[in-house]
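Before any comments, here is the structure.
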Amino acid sequence: MLNSHNRTEERSTEDIILEPYTYLISQPGKDIRAKLISAFDLWLHVPKDVLCVINKIIGMLHNASLMIDDVQDDSDLRRGVPVAHHIYGVPQTINTANYVIFLALQEVMKLNIPSMMQVCTEELINLHRGQGIELYWRDSLTCPTEEEYIDMVNNKTSGLLRLAVRLMQAASESDIDYTPLVNIIGIHFQVRDDYMNLQSTSYTNNKGFCEDLTEGKFSFPIIHAIRKDPSNRQLLNIISQKPTSIEVKKYALEVIRKAGSFEYVREFLRQKEAESLKEIKRLGGNPLLEKYIETIRVEATND
């Protein structure tokens with residue numbers, strides 16, 4: 001029978017260091033960013049070998065950021081299975097995530113396009129600024145304004161997609177700047193995610209029931225509900241408790257519904273969809289992006 005020392009020797013150091021990351025990517029995500037990269041390539045015509053590397057870089061950065069997010073949010077589930085740090089511990093998970101970020105930067109350097117490193121640095125700074133202010137709001141129980149929240153989303157959620165498109169632009173002969181469209185799509189993506197977290201059965205199966213409430217997160221519908229009636233502190237108090245009780249979360253959903261926040265969010269999303277389609281048309285049309293917008297529309301529910 002092999003002892004633990006021998007088993008370690010049979011695996012490479014690289015495999016050991018990457019194990020939390022390998023665990024995460026073994027559970028496939030929605031891969032929306034890869035689909036969007038393909039869609040933007042209809043315009044940018046990036047050389048296939050370079051596009052393959054950009055896809056790899058964005059995938060690495062995305063999954064590394066999820067591992068860190070799950071630690072910072074004290075999450076239980078990711079893609080329907082236990083989060084990496086519940087299997088491998090916080091120290092190893094953080095080290096692995098940081099390691100993967102630097103491996104991704106190494107891939108950028110291999111492409112030997114000087115402007116790409118500057119783009120990566122700028123967007124990784126944006127990502128950490130967005131994450132930092134969101135953590136501050138949660139931990140200090142400070143409810144941001146909608147404008148502050150959208151600014152955070154532009155840094156955090158739009159940042160990775162913007163990084164992908166800016167890397168593609170650096171490798172493309174096109175001189176058209178597509179980042180304004182990317183920002184609209186990124187905002188729509190995050191606000192839709194906030195809505196679905198509180199309303200979708202599939203999100204419950206993958207991340208848990210109304211996980212944003214348990215995380216104490218000021219998401220877009222929660223911000224609207226709190227600011228609609230500042231004198232009613234019930235929702236703010238519930239958020240501060242980071243509830244795990246299903247009944248408490250159901251009550252919070254009722255408070256949000258009565259504030260008209262779900263309908264408000266749906267209207268906001270419809271506006272962003274219209275803005276996206278208008279910008280796509282201005283840029284010459286793109287059937288893949290138009291199809292993407294069509295498939296992510298949020299239909300009205302009975303609330």
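Glycine too: its Cβ is placed from the backbone N, Cα and C atoms.
Here the structure is a predicted model, which means the values were calculated and not measured.
Per Swiss-Prot, isopentenyl diphosphate binding site is recorded for LYS30, ARG33, HIS62, ARG79, and the stated evidence type is similarity to another entry. Annotation comment: Swiss-Prot describes ASP69, ASP73 as Mg(2+) 2 binding site, evidence class similarity to another entry. Taken from Swiss-Prot, the feature Mg(2+) 1 binding site covers ASP69, ASP73. The dimethylallyl diphosphate binding site annotation in Swiss-Prot covers ARG78, LYS156, THR157, GLN190, LYS207, LYS217.
Projection of Swiss-Prot feature records onto the structure.
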residue: LYS30; record: isopentenyl diphosphate binding site; DSSP class: coil
residue: HIS62; record: isopentenyl diphosphate binding site; DSSP class: helix
residue: ASP69; record: Mg(2+) 2 binding site; DSSP class: helix
residue: ARG78; record: dimethylallyl diphosphate binding site; DSSP class: strand
residue: LYS156; record: dimethylallyl diphosphate binding site; DSSP class: helix
residue: LYS217; record: dimethylallyl diphosphate binding site; DSSP class: coil
Euclidean distance between Cα atoms of GLN190 (dimethylallyl diphosphate binding site) and ASP73 (Mg(2+) 2 binding site), Å: 16
Nearest of the binding-site residues (ARG78, GLN190, LYS217) to ARG33 (isopentenyl diphosphate binding site) - Cα to Cα: GLN190
Neighbouring C-beta atoms (10 Å sphere around the C-beta of HIS62 (isopentenyl diphosphate binding site)): 20
Nearest of the binding-site residues (LYS30, HIS62, ARG79) to THR157 (dimethylallyl diphosphate binding site), judged by Cα-Cα distance: HIS62
Candidates HIS62, ASP69, ARG79 (binding-site residues) - the one closest to LYS217 (dimethylallyl diphosphate binding site) by CA: ASP69
ARG78 (dimethylallyl diphosphate binding site) versus LYS30 (isopentenyl diphosphate binding site) - Cα distance in angstrom: 12
Rounded inter-Cα distance in Å - ASP69 (Mg(2+) 2 binding site), GLN190 (dimethylallyl diphosphate binding site): 15
ASP69 (Mg(2+) 2 binding site): tally of other CB atoms within 10 A of its CB: 17
Cβ-based neighbourhood (8 Å from the centroid) of the isopentenyl diphosphate site, residues LYS30, ARG33, HIS62, ARG79 excluded: GLY29, ASP31, ILE32, ASN63, LEU66
Spatial separation of HIS62 (isopentenyl diphosphate binding site) from ARG78 (dimethylallyl diphosphate binding site) - C-alpha basis, Å: 13
For GLN190 (dimethylallyl diphosphate binding site): intrachain residues, at least 6 apart, with Cβ closer than 8 Å: VAL153, LYS156, THR157, SER158, PHE220
CB contacts for ARG78 (dimethylallyl diphosphate binding site) [other CB atoms within 10 A, all chains]: 22
